[in-house]
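*Asks:* Pasting in a structure now, in structure tokens, and then I'll have a few things to ask.
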């Protein structure tokens, strides 16, 4: 009986020894797994794997890179990661000069396109905004003339009401800037209405409008110039228009003043000649009367 008992006991002890070995192996494997998890969650990631790597001619790695064997480690250490980032910093964070130039050119081109499109939309918005403010200021007494191309200067006109029996003052103004102030407090001359008009020759239109207003006020007869009226009209033109249009208004006003000065001089000379001729006629008549008495 000693042999069967010895065999069974030997078998039992061998089983216990095998189970103990399995437990130790499992414990060491779990420790290795926890160690790999602490050092890196992806130990086999190609970005940090240096095992059996072949360096090509274009790689930037140093020749002194450590080559790890299969039994040395399963994951990259923190020092390996730092070395990798340090050696490849330029390739990761710095663009090449050519790429920078191309990127800058694309950014500049896109910016120019946005600015050009925004300028066009701003011009349209300025036109619409100014038209609405013009209509709110002058109410329903607004007549719109056929619109010219957008590159032409835009004008406004104050003209006599339709069907008027007598000539009424008319007034033109231009506007080219988006910075227009509210004109709700402006008082127009009597029997004048505001009319929006477009023109490509603002100075000539201003001058013609001033001439029409003077003729409607003074009539076709030759008489002295009403300078108070001219001053009132000038300030009215300036108040109605933007500052960039003032140069056209002043140029037209100067041209009109020169013409009116010449006209006034002619009227004065004619009156002086008429007075001289009348005095001479009286002197001749007096002499004849004296001679007849004698």
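The backbone N, Cα and C atoms fix where each Cβ goes, glycine too.
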*Asks:* Have a look at 1-24, 25-48, 49-72 and point to the one annotated region 'Disordered' in Swiss-Prot.
*Replies:* 49-72
*Asks:* Check each of the ranges 141-185, 186-230 against Swiss-Prot and return the one annotated as region 'Disordered'.
*Replies:* 141-185
*Asks:* Reported in the order helix, strand, coil, what are the DSSP residue counts of the domain 'OVATE' (195-259)?
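*Replies:* Helix/strand/coil tally for the domain 'OVATE' (195-259): 48 helix, 4 strand, 13 coil.
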